[in-house]
Each structure stands twice: as structure tokens, then as C-alpha cells.
């Protein structure tokens, strides 16, 4: 079920809310059970075939977490064995469903064999609920999480606002909120804040991200023909599509969770304002960055064992982060680029040279933009074609559909390309406005935190919701559903 659909907005969410609070007043366990069942229905609405998968994953990790908790502090060796079993189970499950064909195709290429591919459809949300449960069993081993109630654990994993695409949450930050007696009563301030940020997220997805998707798809579908301006419009359109799509989803998740008095962690904090790549990763997909830091980078040794080992750890962490996003060499290379950029950033810092802020932002933003090309392109060659166009190696020609619309250039006989990028001028205006918005305006979380009971805020939320709902006829899924 999609957040940006009539059935979610006008049927599922109101029903889940009403059922929960009708039960929560007297029957806490009944309210939790209702929310778990509603969340499983939410998950199954997309494809019921994978409901057994999440139930098996949930059950196995709950049992392993209990065993780890029982032996931690008593028999560390047994606790470690159960932890290893849990890690192997989760990585194996993710590896089979997400990476089996990727590994088989690479084996076929290297060994010139002809092993049949499995063609397994990617189960919805498997990357997110698997990482969440890996974090849980590791926290249990560290003595930071304990859960001996299956219903509580099921609620922690399946809570529908964050189930499909995050934020990636920890048991220790979620379950105390559900246990808080105040969570059992409707909080109108939380509802107002939740509705406000939900409306912002809906607008970001429906009106902004889906608009940029049109130009990004058009450009990437015509990769071999992109000249300089067309390639830049294509790459920037995807850069803004991805941000507004994913941050829009997160806003709606945060908003929906607030209806139930649950505060999800912030996942985006104006990442395109970043002045260096380290700052970018402190602002972009923050809960994934936290996971990579706490469960991969630090266990590898972090920055405690010298510079060379630190660089190795950074690279391994981001190669894994790239592969987590998708089963393809494009994603691995994207991870490599960001790992290399972080290493270069650390080396630059050691020089003590301070770069002017504007130049630092320009380099960071354009690096991130170029990196997203590998994220979006179907193949490595396709990504190189876009970058070749961005470098002007395909010519610096204006799109053909601008001919006759720029009189001054027509008088100078400026050449036009043969490829027509739909509504080029409009795309350029939208890109400029989006850039100004992400640089100059407060982000949605900042706006939510500043919310006051004033007519202006109500009118803004109402306008954003009204315009977005009018455009829900062509419902599109969120980009991170593919990861």
C-alpha cells in the first residue's frame, strides 16, 4: 500500500488510528495486536506472497534475540554462537532474495558457465526489516536491548509507518515510546504536527518528485543522444527526484507515526546544503548512516587503529552500503566513489587548508549529483554516457525544441541538437526553484518543530494536501521501494 494513495489516506490510516485508540484506553495488548495486524495487512496489500517471509524472519530473530539475551552475561560463548547464527540467517535471507541472480550472473561471466538464473522477485522492504533485525540481535548481544514479548517485538518490526522504507529504527528508541502510558491517549498536538509534516511529504512526492521523474526518465531513456545541457538537466532532475521522493516518504512516515504518539528518528536534514562529503552523510539517510557506522565501521575498528586501517574501514563500509542499495556493479561503484571521497576528505583536512564555503558546496553538490548518475543508470556504460554528455563530449548543443524560442541565439545561428528533451525551459526553471528551495528554505522537520496554532500553518497544510490529492490519479511508487 502506498502512502500517496486514496486507500491509504482515506481508509487505512483513519481505520488504523481509530481502532488503536478505541482499544488502547482499556486494552493495551489489544491495541498493540490491532496495530500489528493492521501493519501486516498494509504489507500484504502490495503482495501477500511475501507475508510468510516477514513472519518467518520476525519469528526466527525473536527467538534468537531471546537466546542471546538469556546467555549474555552468563555464557558469552553461547551468546556469540546465537549471534553468529542470527547474522548468517539474516544475511543469507537477504542474499538469496536480493543477490542470488547477481552472484550467479557474475559466476557465469567469470567461469563462462551457464548456471540458470532464479529470477526471484525482490520482496518488499526486505533490506529495511533485515537491517533492523540485525541491529536488534547485535544490540541484544551488547546488552542494549531485551524483548521477551513476541507481540512487542512484532510491533517493533512491523509498525507500518517505517516498515517499507525506514527510517531504520532501534528497539531501544521505539519500545519505550509504546510502553509509555501517555501513548495510549490521543495527543492533539502530535496529531497537528503529524498532519502538517504528512502534507508536506505528500506534496514533495506527488507535486515535486514525480514532476522531476518525468524529465529524469525522459533523459535516461535517451542516454545515447544527450548533449551538454540535456545531460545536466537529466542528472539534476534525478538528483532532486530522489531527494524529494525519499524525504517525502520519510516525512509521511514521521507524520503517520506521530498520530500514534511515536516519534521516528529524523532521516534527512537538508543534505544538499552540505559543504563536504562527511557532512552530506550526516544529513542524508541518517538512520542508514547510523547503522553503517555502529554495526560495520566501528566493529571493523573505526578510526582507532591508524590512518590506513581507517581508510580501509571507510571503503569496506561504503562498498557494503552501495551493495545494500541494489544488486549491481553500479551500486558497488557508487559506494566506492563515496568511500573514496570520504578518504580524500580526511586527507584534505590534514592539510589544514580551508576551502571557501561556496566552492566547498559546489564541489560537494556536483560530486553527489554525478554519483547519483550511477545510482540511476541501468548499466555502467549508460552512466558513462550521461557523464560524457555532462562533460560536453557529445557537443554543447541546445535541445531541438528550443529552436525559435530564443531569438538572440537564433540570430547568432547557435546550433541545436537533434534530441528533444521535453519542456526543456520548464525543466530548467523547476531545477532552479528546487535548488533555491533546498538551500534557502527550512526543511520539513524544522517547519514541523516550529509549528504554531496559527491560521497560516493550517492554510499551508490544507493547500499542500488539496493540490496533492487532486493529482493522486496517477499513483507512483517510491524509489526506495526498489531497494
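Backbone N, Cα and C define each Cβ position, glycine as well.
Residues annotated as transmembrane segment in TrEMBL: 6-23, 52-69, 81-97, 117-138, 150-169, 195-216, 223-244, 314-337, 358-375, 427-445, 457-480.
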Positions on the same chain near the transmembrane segment (314-337), where near means CB under 8 A and six or more residues out: 98-99, 101-102, 127, 131, 288, 292-293, 296-297, 300, 343, 346, 367, 371, 374-375, 377, 379-380, 383, 482-483
Beyond the flanks of the transmembrane segment (117-138) by at least 6 residues, Cβ under 8 Å: 43, 46-47, 50, 53-54, 57-58, 61, 64-65, 68, 82-83, 86-87, 90-91, 93-94, 96-98, 100-101, 104-105, 145, 147, 156-157, 162-166, 168-171, 288, 291, 294-295, 324-325, 481-483
Long-range neighbours of the transmembrane segment (223-244), counting only residues six or more past its ends (CB under 8 A): 204-205, 208-210, 212-213, 215-216, 268, 271-272, 368-370, 372-373, 375-377, 382, 385-392, 394-399, 417-419, 421, 424, 427-428, 431, 434-435, 438, 479
Candidates 52-69, 195-216, 358-375, 457-480; stretch with most C-beta pairs under 8 Å toward the transmembrane segment (150-169): 52-69
Non-local residues, at least 6 beyond the ends, that sit with Cβ under 8 Å of the transmembrane segment (195-216): 3-4, 9, 233-234, 237-238, 240-245, 247-256, 258-259, 376, 421-423, 427, 430, 434, 444-445, 447-448, 451, 457, 461-462, 464-465, 467-469, 471-472, 474, 476, 478-479
